[in-house]
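Student: First the structure, which I've put down as structure tokens, then a few questions once you've had a look.
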There are 2 protein chains.
Amino acid sequence: MRWIGIDPGLRTTGFGVIDVNGQKLSYVASGTIESGDPDQGLPVRLGILYAGIKEVLETYHPEQAAIEEVFLNVNPRSTLMLGQARGAVIAALVSDKLPVAEYSALRVKQSIVGTGRATKPQVQEMVKRLLRLSRAPGTDAADALGVAICAAHHAQIPKAITTALAPKNSSKK
Amino acid sequence: MRWIGIDPGLRTTGFGVIDVNGQKLSYVASGTIESGDPDQGLPVRLGILYAGIKEVLETYHPEQAAIEEVFLNVNPRSTLMLGQARGAVIAALVSDKLPVAEYSALRVKQSIVGTGRATKPQVQEMVKRLLRLSRAPGTDAADALGVAICAAHHAQIPKAITTALAPKNSSKK
């Protein structure tokens with residue numbers, strides 16, 4: 001199963017593609033899409049992110065996608081900008097009929113490093129080890145690869161176990 | 001010139017298509033796209049909005065697009081949700097190579113009713129009159145048609161006049 005992970009951002013969106021075969025994870029590709037000069041205006045920048053993701057999909061043909069959830073910035077304008085970038089990226093994924101899972105940064109860090117308080121260098125280092133890379137990827141690409149690894153791990157846990165591990169009140173929602 | 005106007009929203013996105021020939025405006029189509037049950041998850045709902053806009057574009061072939069700017073909600077989560085919907089809609093427009101203009105709700109109301117404090121029924125009534133409709137469109141469709149009319153008006157004003165009318169300090173930015 002081939003996964004694409006995405007760390008969305010208006011200025012820079014990170015992507016990471018991995019293959020998952022049982023317990024074995026293999027690195028396929030990773031990188032960033034830059035939306036360029038803010039003076040181009042928001043629609044043009046969103047178009048660059050959208051086209052960039054489409055190009056990655058056409059190149060690597062992932063079968064599943066996972067994207068990092070957005071935290072609410074103290075600055076509402078930043079939240080809005082990040083939300084729009086995330087919307088354009090998700091549109092690119094679903095326009096290709098990809099199922100899209102969502103994971104919080106906290107959950108990704110817990111899954112990769114073992115603690116939600118992990119630093120960016122710790123995530124980079126663990127992604128490097130888990131994928132047996134000769135050197136650590138950049139922060140945005142590492143975050144995206146981390147989302148893909150987290151999603152692949154999570155998809156392997158049988159439903160019965162996730163239910164058993166869930167906090168008791170989770171069935172009341 | 002055929003314009004599409006969009007009033008973006010996660011639950012309901014309004015669209016309106018008009019033809020502009022000199023001073024003459026003609027109604028082509030309008031309506032809403034509903035993203036459906038929130039339990040489907042955000043990516044599926046954004047996919048419905050994206051596919052809905054693509055279908056409207058394939059049906060009516062507009063040459064220019066205009067979209068309402070998003071105001072910052074007091075609830076940051078609402079701002080984020082609205083931002084993501086707007087991002088997915090803009091992605092659908094730019095994926096069709098449409099130029100996308102942005103107008104604030106204030107500017108649309110000023111352009112259609114003459115005051116930024118116009119109520120929704122006033123916008124509906126003026127859209128009905130300007131497009132010579134037999135009855136007023138629904139609020140979301142009327143807002144979308146309003147954005148298209150505002151954009152079409154604005155595109156017709158020669159640059160020299162907009163500059164002459166601009167506040168003095170606008171050239172300093």
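Yeah, the Cβs are placed from backbone N, Cα and C, and that goes for glycine too.
Annotations for this protein, taken from TrEMBL, read as follows:
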{"type": "ACT_SITE", "residues": "A:Asp7", "note": "active site"}
{"type": "ACT_SITE", "residues": "A:Glu68", "note": "active site"}
{"type": "ACT_SITE", "residues": "A:Asp140", "note": "active site"}
{"type": "BINDING", "residues": "A:Asp7, A:Asp140", "note": "Mg(2+) 1 binding site"}
{"type": "BINDING", "residues": "A:Glu68", "note": "Mg(2+) 2 binding site"}
Student: Please report the distance from the Cα of A:Glu68 (active site) to the Cα of A:Asp140 (active site), rounded to the nearest angstrom.
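Tutor: Per the Cα atoms, A:Glu68 (active site) and A:Asp140 (active site) stand 11 Å apart.
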Student: Using a 10 Å cut-off, grab the number of neighbouring Cβ atoms around the Cβ of A:Asp140 (active site), all chains included.
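Tutor: Within a 10 Å radius of the Cβ of A:Asp140 (active site) lie 24 other Cβ atoms.
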Student: Please work out the number of neighbouring Cβ atoms within 10 Å of the Cβ of A:Glu68 (active site), leaving out its own Cβ.
Tutor: 23
Student: Reported as an integer number of Å, what is the Cα distance between A:Asp7 (active site) and A:Asp140 (active site)?
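Tutor: A:Asp140 (active site) has its Cα 6 Å from the Cα of A:Asp7 (active site).
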Student: Using all protein chains in view, find how many other C-beta atoms are within 10 Å of the C-beta of A:Asp7 (active site).
Tutor: 25
